[in-house]
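Taken from TrEMBL, the feature signal peptide applies to 1-22. Positions annotated as transmembrane segment by TrEMBL: 110-132, 144-161, 173-197, 229-249, 296-317, 348-370, 390-408, 439-458, 470-490.
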Amino acid sequence: MQTWSLVSICVLLGVVVRWGVSLNSYSGAQKPPMFGDYEAQRHWQEVTYNLPVQEWYFNNTDNDLNYWGLDYPPLTAYHSWICAYIAKIINPEWVELHRSRGYESPAHKLFMRTTVLVADVLIYIPAVVLYCLYLADGSSKKKVSTLFCFLLYPGLILIDHGHFQYNGVSLGFALWGVLALGLGWDALGSMAFSLALNYKQMELYHALPFFCYLLGKCVKDGLMGRGLFLLVRIAATVLATFALCWLPFLSDPSQALQVVRRIFPVGRGLFEDKVANTWCSLNTLIKIRSILSGDFQLYLSFALTILAVLPSSIRLLTKPTFWNFKLALVNSSLAFFLFSYQVHEKSILLVALPICLLLNDLPFTSAWFLQASTFSMLPLFLKDGLLVPYAVTSAAFLLLSICLLSVLDHCSEEEMELCTYKKLLFCHPKMDLACIVRWKFYISIAAMAGLSILSVALEPPRHLPDLFPVLVSTIAFLHFLGTFIHFNILQFSKLPSRKRQKKNN
């Protein structure tokens, strides 16, 4: 009873923080002609409500695809239609065809902010609560502490409730999938992840771990017995879920092909803005987009992404434990973020979710990464006028991680899984790797805080207008690359402690 009281308080505080952030500015506020992501979400409501399904993804006089055309899978469109239906009842002007373009008012802002909060309360937050209570190890106090830090991760709150998006829906569905697999409900987990994939195509970042884990379980159970039955049941569930989501577009192949073309826009280029991935960081030294053709960039990106994700996936396929599954989710999503095509800075949220799943197991490493992931989106937050929410939520998350998760007390070589490095690097047995890592953490936090202040306080040189965004993306990239290497080594090293191994198997 006491545990559930604490959980209720955590959820309430999580909702309050989200609502507090939502009172600030949003993407593209009063910035015509394109405005920003807020207008994109509103425009999709306008399109889905006023046009027939067959015209949602096609360019015509009533649906200009160059003005925030739909570029997400059908489930996003259905969600927009539901929101539009409610908006039409409250105020028809909010979704009036053509005339509502760029519509901004306090009442409409309240409505839009409420739709994001409701989506979190219905989909994302319940999944977080159940995961922390039923799949996280430790005492009730530790589970509640993990839950509180999970819910207050600044990156997702600032993007969804500040910048304005609905990432909590796709991440929530993915988390329901993880939760179901952790409890042994493989078919339900497959359905939940299929819904995530049909809401946002970027959930492909998590697709290989789900596939390899389930296939590995089927092979382990025997493809001539129980394993075959499980495989058929999972395949039928996935196909049925996809068929239901795509049903309005399956009658005409050209409809389905147009949706696919819209959700995979390869013509946009290798990367946009200053993203903390390999291509953007390398582009500061070598102008990749100038020396490589567009097709070659696409093939190179695809090849490197597959090579980066393959070792972790093969390891999971041969050893399908839940612990390996969680590590593979981190490694796969980081491989896609670092090497794949057309990555946005907000895509780091797809890496942050599986990292949050490890807050209980690896608190120091996880909290450090989550801090860096929020920092990597600093230029976007400054552009949207979210400096104060960024500073407050980031500082609060760091303090909560230190106080509630005791991250600085979990810095031994054993707890950070650093013993493997001594063998790989031929380190002296008495060398204190934990001390070195702790100092790296202090320097990292100081660098992120310092650069955040400099980005606001100083004007960049005229000949280097993008100096601070480039420095932010480069520092964040180094954090992400180090995390990718660490978690791959971790997945191939010895199994976790006996207690955790029993829990995760």
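Easy rule for this one: first residue shown is 1, then count along the chain.
Keep in mind that glycine also has a Cβ here, set from the backbone N, Cα and C atoms.
Annotations in TrEMBL come from automatic prediction, not curation.
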**Report entry** Same-chain residues at least 6 beyond the ends of the transmembrane segment (348-370) whose Cβ lies under 8 Å from its Cβ atoms
**Finding:** 131-132, 136-138, 142-143, 146, 149-150, 153-156, 159, 167, 171, 174-175, 178, 202-203, 205-206, 276, 326-327, 329-330, 333-334, 336-337, 376-377, 397-398, 401, 405-408, 410-411, 415-417, 441, 444, 479-480, 483, 486, 496, 500
Query - Same-chain residues near the transmembrane segment (296-317), Cβ under 8 Å, at least 6 residues beyond its ends - result: 208-209, 212-213, 215-216, 219, 266, 269-270, 278-279, 288-289, 324-325, 327-328, 331-332, 335-336, 338-341, 484, 488, 491-492
**Report entry** Interface check, the transmembrane segment (110-132) with the transmembrane segment (390-408), three or more C-beta pairs under 8 A
**Finding:** no
Query raised in the report: What same-chain residues lie close to the transmembrane segment (439-458): Cβ under 8 Å, and 6 or more beyond its ends?
Result: 364, 368, 371-372, 375, 378-379, 382, 387, 390-391, 398, 468-469, 471-472, 475, 479
Report summary line: Per the Cβ filter (under 8 Å) with a sequence gap of at least 6 from its ends, the transmembrane segment (390-408) is approached by 17, 21, 145-146, 148-149, 152-154, 157-158, 359, 363-364, 367-368, 370-371, 374-375, 378, 381-382, 438, 445, 452
